[in-house]
Amino acid sequence: MKFRLLPLTLLAVFGLAIAAETNYPLDAPAPDGRRPGGTITQEFTPPKLHDEENKDIRRERNYPEQPPTIPHSIRGYHVDKNANKCLSCHSRANSARAQAPMISITHYTDRDHQTLAAVAPRRYFCTQCHVPQHDVKPLVENRFKNIDELLYRETSPSTSGN
Amino acid sequence: MKSIKSFFKRYWGVLRRPSVHYSLGALTLGGFIAGIIFWGGFNTALEATNTEAFCISCHEMEDNVYMEIKDTIHYSNRSGVRATCPDCHVPHKWTDKIARKMQASKEVWGTIFGTINTREKFLDKRRELAEHEWARLKANDSLECRNCHDFGFMDFTRQGKRASEFHSTALANGEATCIDCHKGIAHKLPDMRGVPGW
């Protein structure tokens, strides 16, 4: 009876000993460079949430195979086992009524290049590739040059050899 | 048999006999006041069943649909205006309200017999329940939506491009009503195979 509490006491003492250890790295610097300063245990106020851009103006693609970004808000849209709100406008059958671009033929082919009657399962979850955009300052600088810029640089005499 | 007959006869006699102690005026007034009290009580009871707290007193409603609405714009948004269950599911007009309440007695049976008392049963039955709601909103031209969203006061210039395009065409000319285009705005959807437009 008397010794019931002994293991508990030992555990508590042991725990305290560990916690008191000063060089235990609880306060290591945060791992990602996007968060200036701060440590893992510190909490920051998150940045403000922005609305999705909803201008319905198609954006330029950076390369021909790029999945186009979504030019409108998709707040509250269901894309799950039961329902796919995107396809209620972008499927073959619905695109005429909605005057929305039809999903491309690639979305009907499975990985063995068999064309199916309906959207291939691997293309079903639209937001795996297509995402809405926010009008915000990018977190990291991007030096991507598209092919036209590269070609121009290759061929234009004033900047060649650069 | 005979005794019952004579029993009623005696009471009928009492009822027919003119009042000895109270004037006609007092009786009328009394009846009037009693009427108000009963009517009020009835309406109060009706109002009590017209709150979200009442709806989610049944776990069938709380564990499924209520949990799902919490993620949607009708539960939390920048203006802080909320739609509660009765706002979308119970008509405002008294006669319609009574009719809906009579219909809703099937929910009491549903509870007693446990038609949707587990998540699995609910999901299996969801399409059927949703179809009832779509049919109801289609038939009344989405009356409950329009109680809050009045087409007459929609500012198309303030809406998104797609919104104003659809609202100024199919909605304006009565081809479609809110529920035709806005299914699943408050809850998750059932299997939509075969639903027109999906």
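Cβ coordinates come from backbone N, Cα and C, glycine included.
As the structure is a computational prediction, the values presented were derived from the model and not from experiment.
Take the heme 1 site that TrEMBL assigns to B:CYS55, B:CYS58, B:MET61: the candidate from B:GLU47, B:GLU107, B:GLU120 listed for it is B:GLU107. Here the binding-site residues are B:HIS149, B:HIS187, and the one with the most other Cβ atoms within 10 Å of its Cβ is B:HIS187. The residues near the heme 1 site, meaning same-chain residues not in B:CYS55, B:CYS58, B:MET61, B:GLU107 whose C-beta sits within 8 angstroms of the mean position of the site's C-beta atoms, are B:PHE54, B:ILE56, B:SER57, B:GLU60, B:GLU62, B:CYS85, B:THR111, in sequence order.
B:CYS145 (heme 3 binding site) sits 12 Å from B:CYS85 (heme 2 binding site), counting Cα to Cα. Among the binding-site residues B:CYS58, B:MET61, B:HIS89, the residue whose Cα lies closest in space to that of B:HIS182 (heme 4 binding site) is B:HIS89. Distance between Cα atoms for B:CYS88 (heme 2 binding site) and B:CYS55 (heme 1 binding site): 12 Å, as a whole number.
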